[in-house]
Amino acid sequence: GDACGETCFTGICFTAGCSCNPWPTCTRN
C-alpha cells in the first residue's frame, strides 16, 4: 500500500486508514 508518512515503532498508526505494516512503517489499508 501507499506510505502514510508516519512511523509506528509502538505498533500503532494514528493516521486514519493506516496500519503498521510492515513495521515500523504505516501504510494505507
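Numbers run from 1 along the shown chain.
Backbone N, Cα and C atoms are what each Cβ position is placed from, and that goes for glycine too.
Note that the structure is predicted; figures quoted are calculated from it, not measured.
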For the disulfide involving C20, grab the partner from C8, C18 as Swiss-Prot records it. C8
Count of other CB atoms lying within 10 Å of the CB belonging to C26 (disulfide bond): 24
Count the other Cβ atoms sitting within 10 Å of the Cβ of C4 (disulfide bond), across every protein chain shown. 20
According to DSSP, does C18 (disulfide bond) sit in a helix, a strand, or coil? strand
